[in-house]
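Some notes on the structure that comes next.
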Amino acid sequence: MWHWSVLPLLLAGGVLAGTRFERRSFTVGPDSFLLDGQPFHYVSGSVHYFKVPSAYWRDRLTRLRAAGVSALQTYVEWSSHQPEEGVTDFSGQQDLEQYLRLAQELGLLVILRPGPYIDAERDLGGLPYWLLRRQNVSLRSSDPAYMEAVTGWYDQLLPRVRPLLYSNGGPVIMVQVENEYGSYSSCDAVYMTQLRDLLRRHLGDDVLLFTTDGGADYFLRCGPVDGAFATVDFGTGSDAVEAFAAQRRHNKIGGPAVNSEFYPGWINHWGYPRNVVSTEEVVNATKTLISLGANFNVYMMLGGTSFGLRAGANMGDTFEACTTSYDFNAPYTESGNITDKLYALRELIYPYTNMTEVAVPDPLPVTSYGEVKMTWQTSLLEAVQALNVTRVSDSPAVPFCDVHQAYGFVAYSAEVTWKPPQPAVLSVPGVRDRGYVWLDGRPVGVLSRAESAFSIPLLAAKENTVTIIVESLGRICYGDIHDRKGILEAVTLGGRELTNWSITALPQDLTQLVPETPTPQGDALHPALYRGTFSAADPPADSFLHFPGWHKGVAFVNGVNLGRYWPAVGPQMTLYVPAPFLRAGENTVTLLEMDGAPCGPQESCAVALKDYPDLNGPTPDRISP
Ligand SMILES: *[C@@H]1O[C@H](CO)[C@@H](O)[C@H](O)[C@H]1NC(C)=O
Ligand SMILES: *[C@@H]1O[C@H](CO)[C@@H](O)[C@H](O)[C@H]1NC(C)=O
Ligand SMILES: *[C@@H]1O[C@H](CO)[C@@H](O)[C@H](O)[C@H]1NC(C)=O
Ligand SMILES: *[C@@H]1O[C@H](CO)[C@@H](O)[C@H](O)[C@H]1NC(C)=O
Ligand SMILES: *[C@@H]1O[C@H](CO)[C@@H](O)[C@H](O)[C@H]1NC(C)=O
Ligand SMILES: *[C@@H]1O[C@H](CO)[C@@H](O)[C@H](O)[C@H]1NC(C)=O
């Protein structure tokens, strides 16, 4: 029998060596997909290019292909490509076309999910933060303030996708409209129609559009749109027969059963025990999907990492921030290591897809670089005082987006201009998500949205300065995503409003805060910046940063933001350091530690680079410093 991956060579034109071929097509038949007119089912796997260093794309896609799948499924993250208003980037780490061509070269079809909203446990569900600058904007709706930006984005994105469509010789067989829209409160049918029409206008009538929603009528009420094939998503605990029956009720044309997100693991939040799905459960559920002749996507086959403070957050019982690692307990680990789950799934997938077998590549080398001695550089407050003020405002209610701060930290400072009672309560009801408070240079406490800790008693005097450095823990990515960060309401001291605020956005590259020579330590030991160096042989190898005795902060290697670390609350104890971020010779580790380094004044402290991760630490003390 032929294998589809030889088709790109044969079928580009339609007539070859006197033989008439079907035009390259991918469509929905009565009870299966039709690839070039022939019944076809796929198994795909999710690997997101924006969670893998581009130097590792080939390695990760080769691993995906070795799992036996016939297709790659990936989201497109709008905020990665348009990080600021008016800026568009499709180069380097953002070179989506290269990623999709690489998939094709490795023999994979592609199922593309261009959002615009994607969730993916990313800040604001992958939407760019600058949309929140638009007053009263209603995200994921037909609100012109939102759709104007979507239209501009699709004008950039979709012309790049069109040549990559299957019918045009590329790998893309399906394109998703929005993402789990039926789970969103606004239920705006006009919006879904507008998105569908934009996709059609740019991509033409040949491409198969689809939607994805939870596998129950409740979710399918608002998710599907006419002209797009409705699919469902569900994990190992769900009744597949029921879910596919619901899917069928919403597709007038019938069509195959499709689970667009079959979960072999699950997401994680700081402070909550690691989520694990057993291999046996995954194997059982996979057998069921295969016995039903379903198409399914393993979400995630390899989860990767939300480097650079790009992880999102969810509203559960309280505000819950997603971990930096997106390991997902997937068949391949965050760093591409092989698990039993991968071998078990592979045995089921190959006979079902008939893909020619590709051996699983050996794991990439890992190295233990050992202890890295960290030395004090400066207190965060001092570093911030050396920056230029971004804006002066009578009210502190200036969110991150208004001072063009995508992620990280913003400092708010005001003087007490009257004699307050002793003590007086400092009240900051609108802090999102954590506020580190100083009174005249002395750290006096931490405010926390997750714990509804919005006030601190202060012994303040007239002419004292109150400084609050606010940290974003990631914008909410699911549910009500209108999550502006910073301070959103008036701040009072003893019931009276503090006014005349100086507001300073900290640089995204926090290593810029390290002074040429370390400042004296003084009494205020944290938050503070620390730095250390280590040497790597040529070529460098993957490693994992361990934080013995450290609490919470942001880690950089050679100026690359590895993400948030927070071993004090777990469960993620280490950060992944991919070899492409390292260089042969000297490498620099920089930490912004928020809650306390494991050493006092004059002592040195250390982090350690080891050859194994720890994503399953204890979660003893939710959120509290
Ligand atoms: C935003 O909404 C508020 C309250 O609904 C309203 O007073 C204000 O005029 C609106 N602003 C804009 C720019 O539409
Ligand atoms: C998996 O299926 C087997 C055989 O049907 C059953 O005995 C076992 O309990 C199942 N395991 C899980 C975790 O569901
Ligand atoms: C794989 O081969 C079997 C047996 O020839 C066939 O029934 C099945 O449809 C094929 N699957 C795919 C995805 O082509
Ligand atoms: C602060 O502003 C001045 C004047 O615009 C500029 O020369 C200087 O580089 C700025 N300093 C920083 C740290 O941005
Ligand atoms: C506001 O604060 C700045 C800096 O602290 C100060 O120079 C200025 O005089 C203050 N303005 C008012 C009106 O108090
Ligand atoms: C890779 O997996 C093996 C087997 O589970 C384990 O011994 C090893 O520590 C893992 N390495 C990394 C870097 O995860």
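Placed from the backbone N, Cα and C atoms, the Cβ positions cover glycine too.
Summarising the annotation, TrEMBL assigns signal peptide to 1-17.
Look at TrEMBL and you will find 32-349 tagged as domain 'Glycoside hydrolase 35 catalytic'.
According to DSSP, Glu180 (active site, proton donor) sits in a coil region rather than a helix or strand. Annotation source TrEMBL lists active site, proton donor at Glu180.
The secondary structure of Glu261 (active site, nucleophile), as reduced to three states from DSSP, is extended strand. Here TrEMBL flags Glu261 as active site, nucleophile.
Summarising the annotation, TrEMBL assigns domain 'Beta-galactosidase galactose-binding' to 527-587.
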- Query: What is the number of other Cβ atoms found within 10 Å of the Cβ of Glu180 (active site, proton donor)?
  - Reply: 22
- Predicted model, mean pLDDT over the domain 'Glycoside hydrolase 35 catalytic' (32-349): 97
- Once near-sequence residues are set aside, which residues in the chain of Glu261 (active site, nucleophile), 6 or more away, have Cβ atoms under 8 Å from its Cβ? Ser46, Thr212, Asp233, Phe234, Gly235, Asn297, Tyr299
